[in-house]
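Asker: Below are the features I grabbed from Swiss-Prot:
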type	residues	note
ACT_SITE	D321	active site, proton acceptor
BINDING	K23, G94, R122, Q169, R352, R393	phosphoenolpyruvate binding site
BINDING	K23, S24, R28, S167, Q169, D321, K348	3-phosphoshikimate binding site
Amino acid sequence: MRITKIAPAQSFEREFDGIATDKSISHRAAIFALLSSAPCEVEGYLMGEDTLHTLHIARELGLGIEQKGSVLRLIPPRNGICEPHKVLDCGNAGTGMRLFAGLLSGVKGHFVLTGDEYLNARPMKRITEPLSAIGACINGRENNAYAPLSIVGAQLQTFDYKSTIASAQVKSAMILAGLQTAGQSRFYEPLLSRNHTENMLRGMGVHIQERECEDGGYEVVFEGLKETNKQLEAFKFQVPADPSSAFYFAVAACVLGAKVKLKNVLLNKTRIEAFKILESMGAKVAYHHLSSLYEEVGDIEVQGGSLKAVRVDSRIAWLIDEIPALSICFALAKGKSEVYNAKELRVKESDRIRATITNLRVMGIRCEEFDDGFSVYGGELKRARVSSFGDHRIAMSFAIAQLACGGEIEDSECIDVSFPHFLTLLSQITAVENANES
């Protein structure tokens, strides 16, 4: 087990130009290239454990991969997706498993998707039920509730599906399944979730529309590719920095009263809600738009300062990955901060509500836990040894917390899932030391 020791840090002013590239877009680049009519090029594909598992699975399914420096050339299989000779290991990647499940449900062949102990404990009925309803032959443990998932490609039907949760993974799985039908399909969700799938597929030539509904929900309407026997157009783009990864250094600015400039960050509105929360707490945040191809990209400047408590209970899907890091700001804010409607946190890589509250208490902060959230009373962070709970976002969030007081993080290897050079960047702010314990 790796133990990471973090030393207390001083205020600073710094640009960060090496933030990990976006995990969501990297996953989709590898998967969507399988459907392309010609080779695709992607610069800056995230070389984290999650996205490498997705890339390896795409290779097993027939994707050719050539690398030159930071550019990957992704060559689609000449005769369509291949049936693999082995079980497809998604590692810790819930996005990879759920998107591949949607894609492979309509592909001829037999496919088995598995993951590590954490992924195989995460809920899968949210995709197995709607996919089965449109003709997919998909089976999993405990009445299709958990992976491993066994999929036999079938003839899928168009659909008009109303989801009860806002989940980009569920939506994307259904869209990938629906692309393999002849006709129009509709997917509804109660709040717009991350829409990278829609943006990228639109750029690849899919006729896909997003609309806000009268009840505040969103629907996606699109045409299956079998209607016109159409193949997707190739893509060529550079993956921007991941706003979820950049956010840790925004929190660092708030912890230390520092100023940071985060370079070339994805600015999709469904991904920067946590920065908006920092603004409402008293931090100064500025956005500088630089480019727009499939997605808006730009720089984000954050100036830390005195923070006030806040209540977070809406647009949770837009900041679900950042809530553990936000909790560090809550711990230093004046007053009582609250999070509600965030039950989804309990079924991520760890129970992130329980993990966050446990570690904050160890660091001397008064907290209360709810079924769907938690509250934090602002105070003073104290030096402590905390657990990552095997969750990369918990590990990085509390590494940032320890900038205020120093401390240690157990089982920090999980950081490599999404941000392999996080500790290298952190060492530009303070002393970081790794040690192994048996």
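Glycine is no exception: its Cβ is also placed from the backbone N, Cα and C atoms.
Quick one: how deep are these features, and who are their neighbours?
Answerer: Neighbour count (other Cβ atoms within 10 Å of the Cβ, all protein chains): 23 for D321 (active site, proton acceptor).
DSSP assigns K23 (phosphoenolpyruvate binding site) to a helix in the three-state reduction.
Classification of D321 (active site, proton acceptor) by DSSP places it in coil, neither helical nor stranded.
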Asker: What is the interatomic distance between the Cα atoms of G94 (phosphoenolpyruvate binding site) and S24 (3-phosphoshikimate binding site), given in whole Å?
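Answerer: Pair distance, Cα basis, whole Å: 11 Å.
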Asker: When you measure from the Cβ of K23 (phosphoenolpyruvate binding site), which residues in the chain that are at least 6 apart have a Cβ under 8 Å away?
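Answerer: Residues satisfying the criterion: L46, G48, D50, T51, T95, D242, S244, S245, S418.
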Asker: If you measure every Cα to Cα pair among K23, G94, R122, Q169, R352, R393, the residues listed for phosphoenolpyruvate, what is the largest value in Å?
Answerer: 19
Asker: Quick one: which of these recorded positions, R122, Q169, D321, have their CA within 10 A of K348 (3-phosphoshikimate binding site)?
Answerer: R122, D321
Asker: Of the recorded positions R122, Q169, D321, R393, which one sits closest to R28 (3-phosphoshikimate binding site) when you measure Cα to Cα?
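Answerer: Among R122, Q169, D321, R393, Q169.
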Asker: For S167 (3-phosphoshikimate binding site) and D321 (active site, proton acceptor), determine the Cα separation and express it in whole Å.
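Answerer: Per the Cα atoms, S167 (3-phosphoshikimate binding site) and D321 (active site, proton acceptor) stand 12 Å apart.
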